[in-house]
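Participant: First the structure, then my questions, so here it is.
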Amino acid sequence: MVNRVYYLGLIIAFIMAFGSLWALLTDDLFKAIVVFGIVSLSSSVMFLLMQAPDVAITEAAIGSGITTALFIFTYKKLEDRKDER
Amino acid sequence: MRDERSLFINIVALLILSVIGFYIYKVSMDTGKGIKITDNITPQMRVADRFMNKNVIKEESKYVWGGTAENTSANIVTSVVVDYRLFDTTLEVIVLFVTILGFGFVIPKDKRKIIKPTTILNRWAPILMILMLMIGGYMFVNGHLSPGGGFPAGAIISTAVLIGVLAGRKTLSQKTLKIIEAVAGISIFSLGIASFVITGNFFQNFILNDRIGDLFSAGLIPIFYGLIAFKVAAELSNIYFEFYEEC
């Protein structure tokens, strides 16, 4: 049981590290926003594995829901500005 | 065409209702005595029992639940957060409020056409909103029994408003949101002042005589959590409408 949780945590940590590097290095802003949402979702699973369900709920609602939505709103606004020029 | 759509919506609503009814039936069969909302004699299936019987030290040792401020609620983390450290959450909420004040000044107002959402999103938005509102309400009503609380509950309720914004349905006016926010903020601080007058400490719980683990227990904690949830939900929804007005 402990081993299984350990390996799941390792996989999620790998996904988080890979996703954060990808979000930093990519040129496309939209891809960066979506990958950032995936990183915060996997970090909420990580909090759940670390026996902190309160923080996991907050992270899943705010980190991967609201923050991604606000970033996408801002991205749309930036694209509109680009079209006007 | 219109009749077909309304028929589809009715079928989906009946499906969801039947799922909820099945779970209510299952719970009533498990306890064996039907549903009793205020059952003070034979509690068998309470949400809080798992928390109250949880033990990290030894299997046989029992924690004594008393009437002090630390263990008024089944979830001890909640009673510490709300009774001792509610200043954290209230100051977070004030920071959010100042952020939203800044939004109105920084974001330039320019009109843009609203792209019409797809039919699927437009039709499914009310159903998803009802589910989101149910989950958010569960979070702050059961904040003293299970993990959850005011801040995530407010965030989840505001995602329901976000789905409405994305689907092109304007659900609330900004004036209503401001009234909700003002009433919640004023009542949080007036409850704090009342507890200062009664017990001598700010935000201290002054209703203690309840059976621990019930839904209607833990005194002021669910009230504070509900107020915080409504305030956070109103503030976060204000941001979406601020974007929605011109995008």
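Glycine is no exception: its Cβ is also placed from the backbone N, Cα and C atoms.
Small disclaimer: the values here were computed from a predicted structure and weren't measured.
If you look up TrEMBL, you'll see B:121-236 marked as domain 'Na+/H+ antiporter MnhB subunit-related protein'. Among the features that TrEMBL reports, transmembrane segment is placed at B:7-25, B:89-108, B:120-141, B:147-167, B:179-203, B:215-234.
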Participant: State the non-local partners of the transmembrane segment (B:215-234) in its own chain: residues 6+ outside its ends, Cβ under 8 Å from one of its Cβ atoms.
Facilitator: 37-38, 72-74, 78-79, 82-83, 86, 89-90, 93, 96, 136, 139-145, 149-151, 153-155, 157-158, 161, 177-178, 180-181, 184-185, 187-188, 191, 195, 203, 205-208
Participant: Calculate the per-residue pLDDT averaged over the domain 'Na+/H+ antiporter MnhB subunit-related protein' (B:121-236) and state the result as an integer.
Facilitator: 83
Participant: For the domain 'Na+/H+ antiporter MnhB subunit-related protein' (B:121-236), what does DSSP give as the number of helix, strand and coil residues?
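Facilitator: The domain 'Na+/H+ antiporter MnhB subunit-related protein' (B:121-236) comes out at 80 helix, 0 strand, 36 coil.
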